[in-house]
Structures are given as structure tokens and as C-alpha cells.
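Annotated repeat 'Solcar 1' per Swiss-Prot: 22-129, in sequence order. Taken from Swiss-Prot, the feature transmembrane segment applies to 28-48, 104-123, 133-154, 195-219, 246-263, 307-323. Positions annotated as repeat 'Solcar 2' by Swiss-Prot: 134-227. Per Swiss-Prot, repeat 'Solcar 3' is recorded for 244-327.
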Amino acid sequence: MQIGAATEGVEADLSVNAEPDVKPIAKMLSACVGSVITTLTVTPLDVVKTRLQSESISQYSSTQPISSAKILGKGRPAPKPLGGPVSGLYQIARHEGVRSLWRGLVPSLTMLLPANTVQFLGYEQLLPLYSDWGFPAAAAIAGASARTISATIVSPIELFRTRVQAVGGHYPPGHAREIANEVFDGLKLMIHQKGILNLWSGVSVTLWRDVPFSAFYWWSYERIRLFLLGHPSLQAFSSSQSTKDLYINFVSGGISGTLATLLTQPFDVSKTAKQVHGHTLTRGQFMLTLWKRGGPKALWKGTLPRCVKVAPSCAIMISSYHLTKKYFSESVDAY
């Protein structure tokens, strides 16, 4: 096939072929290690991003978040608006406690461990298949396919995590149990009124954000990686191939994650609106309403904290995954 011939040279250097293959259990453990490191690092940035978006949506909406309605009804004051991503970290740490920056850590881990495992294993299984079939942009198609599966699996967990982070500012420090109970009560009421399938209420918006994100991320990651592999300055960077690989994966993941974030930010804002406020509006109606009331700025609210979160998240995840997988490949007798 002509397409396959045109892409053969490129596909031969894809990341999935750059290191010895390991058994699925080693890949799963590698994905889990990367997920834990990434989550511990970027959860504070995710808390700030969710709070900023929730505040913006409340500003342009006449309704309160579902899971915080009863809280505010009890007379609890709304949290002071955050000034921005950097000052937001300081404000939350000062007024709600440093531990509040890791609010939603457990559901984040519960969500990311299976999500990243499915994502990375799925990508590595599908990429050679699509490449053999001669698909153009095989990396984009493989990334989008793997992300569709993983996002659907973890959507209810992400819904819970998003609401925990959004309403946490209505409680003083040290009330994690009360926050979780309040969110659980809101979810139970939602299931009773609208059915259990509403736990996937944000999955369509999540897919609209994550599928294009993953497609562009994996496509650009493979291309940036190939560019860095052939760059002359890299040859003088380090004599160790492991160090070079770590650098290439880290930089490629960070740049690709940033570019993909800029493209998909409006979908992230509409996803947060859907999960936090529980509107019956469609994705398009959400985005149109925000555009009319706040302009383009409303649709790209939280772009900086999301970029600050996603760039290191992608860089850490992809580099730690390949580094851990390389370790397992050198310890093949144990696996």
C-alpha cells in the first residue's frame, strides 16, 4: 500500500519500537508508577484550575453547583475568589490549609491508575496495528482510541473528584469527611432523580476534550521525539543513552501536552461546568452561553493553571513510564 510505504520509515522509529518489549504486567506497573508520581506533583494545580473555572462558570450562570447548594443553604459563606493560578495556591494554603491543595487526591489516584494503564497499554497495542494497516497519522488514531476507552471507564470517578475540588472551599480546613459526604449525598440525589447513567453526565464533554487532546498529543509527541532524536545538539548532551531518552521523553511530553491543552481548553471549561453545576444544557449551549456572557476569555478560563498542570503532568508521566519500563526490560528474568 502506498500510504504504508510512505510512513514505514517514520513508524519504524516510533516510541513503541524504541525499547525492548516487556510483559503486560510490567507495563501496568510502569503506568501505575508514573500515575502516582504525576498525581502527587500536579494535584495542587488541578485544585486551583477547577476552582478558577468553577468561579468563572458561577459568574456567568444563575445556578449554584449541585453538590454545594445544601452547604450554602446552611449559611456557609462562599470562598473568597482566587486571584490567579499562583496566588490561588497561596490563598488556598493560607485560608484552607496546605492539605487542601491535595483535595481529591484519593479519587485522582483511583481515576488515573486505571485510566493511564488502559491509555498506555492500549496505545502501545493499537499503534503497531494501525501502522501495519497503513493508516496515516497512526499515532493520533491510536491515542484517540485508547483515550476513548479509558475516559469512559473512569468518568464517574472524575465526576466525584471534580465536585470535591469545586465545593471544598466552602468548608474550613480538616473537613474532608464532611466534603466527601456532601458530594456523595448530591450524587445519590442525582441518581435518584435522573438515574445512574447520569454518573456519566460529563463523559461526552470529556470525550470531546480528551479524544482530540490525546490524538494531537500522541501525534505531536512522536514527531517532536523524532526531531529531538536527530538533533545534533543532543549528541553532546550526555554520553548516557538512558539520560538522552529521559530528556527526549520529558521535553516531547511537555511540549505536546501544552499544545494540546491550548487547542482543547474550551472543552475543559464546558466539562467542568457540566460536572459541577449539573445543567441540562448541551455542550454547545454551555459554550455559547459562556461566550455571550464572558467572551473568549470565559472559554479559555483556567488555561494558564491547566497548562502549568498538564505540561509537567505529561512530561513526568511519559518519561517515568518509559524509564520504569526500561528498568523492567533490564530485569526481564523477574517478570
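Please read every residue number as a count from 1 along the shown chain.
Note that Cβ sites are derived from N, Cα and C of the backbone, with glycine treated the same way.
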DSSP on the repeat 'Solcar 2' (134-227): how many residues come out helix, how many strand, how many coil? 82 helix, 0 strand, 12 coil
Which stretch, 28-48, 246-263, 307-323, tops the Cβ pairs under 8 Å count with the transmembrane segment (104-123)? 28-48
What counts of helix, strand and coil residues does DSSP assign across the repeat 'Solcar 3' (244-327)? 75 helix, 0 strand, 9 coil
Confidence summary for the repeat 'Solcar 3' (244-327), mean pLDDT rounded: 82
